Number of protein chains: 2
Amino acid sequence: MEIAVLGWGVVGGGMIKLIDEAKTPLLKQLHVKRVLIHRPEKAVDDRCTTDINEILNDPEISIVCECIGGLEPAHEYAKKALEKGKHVVTANKKMLATFASELFDLARQKDLTIGYEACVGGGIPWIANLERIKRLEPVEAFQGILNGTSNYILSQMEQKGAGFAECLKKAQELGYAESDPSDDIDGHDVCYKVVLSALTAFDQAVDPKEVPTFGIRHLTKEDFAFAKGQGRTIKLIGQGRKTAEGVSLQVLPVMVKADSLLGSVSLNFNAGKTWSKSLGPAAFVGQGAGSFPTAHAAVQDLLDILEANSPVAAFEPAENQAGDKQTFYVRSQKISVFASVTQEKVSDDAIVTKPLTIDEIGQLLKAAKDEDLFLAGIEDD
Amino acid sequence: MEIAVLGWGVVGGGMIKLIDEAKTPLLKQLHVKRVLIHRPEKAVDDRCTTDINEILNDPEISIVCECIGGLEPAHEYAKKALEKGKHVVTANKKMLATFASELFDLARQKDLTIGYEACVGGGIPWIANLERIKRLEPVEAFQGILNGTSNYILSQMEQKGAGFAECLKKAQELGYAESDPSDDIDGHDVCYKVVLSALTAFDQAVDPKEVPTFGIRHLTKEDFAFAKGQGRTIKLIGQGRKTAEGVSLQVLPVMVKADSLLGSVSLNFNAGKTWSKSLGPAAFVGQGAGSFPTAHAAVQDLLDILEANSPVAAFEPAENQAGDKQTFYVRSQKISVFASVTQEKVSDDAIVTKPLTIDEIGQLLKAAKDEDLFLAGIEDD
């Protein structure tokens, strides 16, 4: 089966290497015919082209692997590939979460597959295992550590007692964080992954903009010290849950028990946990990022298409629900705004709240207008 | 698709309930036509029969689910079902590990599937994920906490500082341990699971009798205290590894770091970890036992057969290799036998050894002839 890879970068390059050096009979059935690159002087071999039409108009190419990143032209190329009758595999969670309804509608019309295992959880077979559970029974909820960069920073802060800025700098030096790390540390990257997980698990497509999303940018050593004093650590958790009315998604730093499974997931590792009736809780842990684990996931999508074993995601647009009440930790220079919901005073500028919905705490955050505020959930005992 | 379930016990009963109350369109395609029971007065409905031939001779029945347990007649029934052209799904790790070559040869001749997801790791999709990795690249090694009973006992000893006998009694009261718990606490149950995992991961079938197998029966509070003092906890670990000559399998209590992933797997949960080149380390954690998680795994096998998506295991008989040198903890009344391999004296009757192969330590254990001896591996830092 002939494929084309768009972008010879971290993920695209990993895919090309895995396929070129195929180790198994099944993988040897795949062949990279074309690679879209941006600048002609970067051509590595004669498969490289700077002209997308050479790929789109080639009837031999059955699958287009989009590894460019960003919204455009990634979205345009994915759409055109589907229009031309080609399956699409992508590692681009932002693009796919943003244009999910349009692209999956098109794929269903054309009886094509969009493979997106590489979008969520790096090498963890997360999407495949959600699909597997769903064959048998509904997935009731999921929760995950889905961003390697922020988890690396959090685990450094925990182990070394270091400050946020110092740990971010270290992550950037190691290549775990980009020069503009906003998407990773402000939770947006996790938000896209939660949207794609929910679409898989619940058949419900929520607009990423509607998902309450809080990051770790304003986390301090003091916040961490409070968590540690409670036998907890802080993890950036994306989660989704079925509610009576629909689904409730959120992205939030959470103080989890240090000796719990999610509490033990350190460095740039990712983890995903599912709940369903007969299986109970199940968890998947692995490399959250990096060229080869992510490329491995994308190539697994190719093998599923090769084996004609890819369910086409079917879902409906859904509004996000506020979900259950939770207890929050809030640190703010304007902590008095939270007086009416305070359950326990932690320090002069930090409190633990009574149980509130995420919408209720959101209203108070708006009222506080404190750009340095830090918010975390506190996991039930 | 019509199926028959042999045995209306914990797993068989769970399967029947999941299928009778099917929640998804795919699962609704399965129908339990017959259930083999032992005593006619136990018949729950008119699907029950005490005559295996009513099942074997029914051409409508495509899959036989063996949930009887024990070696015979489970083995005889599985073999006859294959001879009659029926797929077999089983939760019986002892039977399948013991008769693997015979049964899989027969299945391959007849182009049939033997599903054994329920044999290893309870509800964890362990076998399926080993198969998934193997599509793309060789699995290099695996390691797992594969027995819920022993893990429950170990986690009680860790958390409560209680003795082995007391924790075993508690596990029996809760129904986690059988009245004769030998297979669970002496490591034999894990041994069968390691053999089946290796057969899947490495295409090599090792005779269970050849796998060095050590259990937790003689573990004391003092052994646990030593581990704790090192920031470690004790887990019963089954593992397999490719070596230059073949494969090396072993079952052994191991002192693992308390804050590692395997160290955090508590109560009756199971975990399996894999290593492969591009994916790196990946781990799967879930309910290790119980009616519904295990039944869930068996029903997933049925759905794979329904979707014609079951690779037929192909493997060769293999001898077990001694593998790499490891460091061991040994406590014995005859500790002087180990003088020549002692690296560190822990107490009057306990030592840490120099790195040795499992065969080398095995020779010394034979020489010691101490029935109360406790042996554990010490995981590298």
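Here the Cβ of each residue, glycine as well, is placed from N, Cα and C on the backbone.
As recorded in TrEMBL, the features of this protein are as follows:
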- A:7-116: domain 'Aspartate/homoserine dehydrogenase NAD-binding' (DOMAIN)
- A:G7, A:W8, A:G9, A:V10, A:V11, A:G12: NADP(+) binding site (BINDING)
- A:K93: NADPH binding site (BINDING)
- A:125-303: domain 'Homoserine dehydrogenase catalytic' (DOMAIN)
- A:E178: L-homoserine binding site (BINDING)
- A:K193: active site, proton donor (ACT_SITE)
Rounded distance in angstrom between the Cα atoms of A:K193 (active site, proton donor) and A:V11 (NADP(+) binding site): 17
Cβ within 8 Å of the mean position of the Cβ atoms of A:G7, A:W8, A:G9, A:V10, A:V11, A:G12: remaining residues of the chain near NADP(+): A:V5, A:G13, A:G14, A:M15, A:C67, A:I68
Number of helical, extended and coil residues in the domain 'Aspartate/homoserine dehydrogenase NAD-binding' (A:7-116), per DSSP: 49 helix, 20 strand, 41 coil
The residue listed as 'NADPH binding site' and A:V11 (NADP(+) binding site), distance between Cα atoms, whole Å: 13
DSSP three-state assignment (helix, strand or coil) for A:E178 (L-homoserine binding site): coil
Same chain, 6+ residues apart, C-beta under 8 Å of the C-beta of A:G12 (NADP(+) binding site), given in sequence order: A:V5, A:L6, A:V35, A:C65, A:C67, A:A295
Distance from A:K93 (NADPH binding site) back to A:G7 (NADP(+) binding site), taken between C-alpha atoms, in Å: 16
Pairwise Cα distance for A:V10 (NADP(+) binding site)/A:E178 (L-homoserine binding site) [Å, integer]: 13
Surrounding CB atoms that lie within 10 Å of the CB of the residue listed as 'active site, proton donor', all protein chains: 26
Average model confidence [pLDDT] within the domain 'Homoserine dehydrogenase catalytic' (A:125-303): 94
Per-residue Cβ crowding (10 Å cut-off), top of binding-site residues A:G7, A:G9: A:G7
Rounded distance in angstrom between the Cα atoms of the residue listed as 'L-homoserine binding site' and A:G9 (NADP(+) binding site): 14
Densest Cβ neighbourhood among A:V10, A:V11 (binding-site residues), 10 Å radius: A:V11
Alpha-carbon spacing, A:W8 (NADP(+) binding site) to A:K93 (NADPH binding site), which is rounded to whole Å: 18
Which listed residue (A:W8, A:K93, A:E178) has most other Cβ within 10 Å, given these are binding-site residues: A:K93
Rounded Cα-Cα span from A:G9 (NADP(+) binding site) to the residue listed as 'NADPH binding site', Å: 16
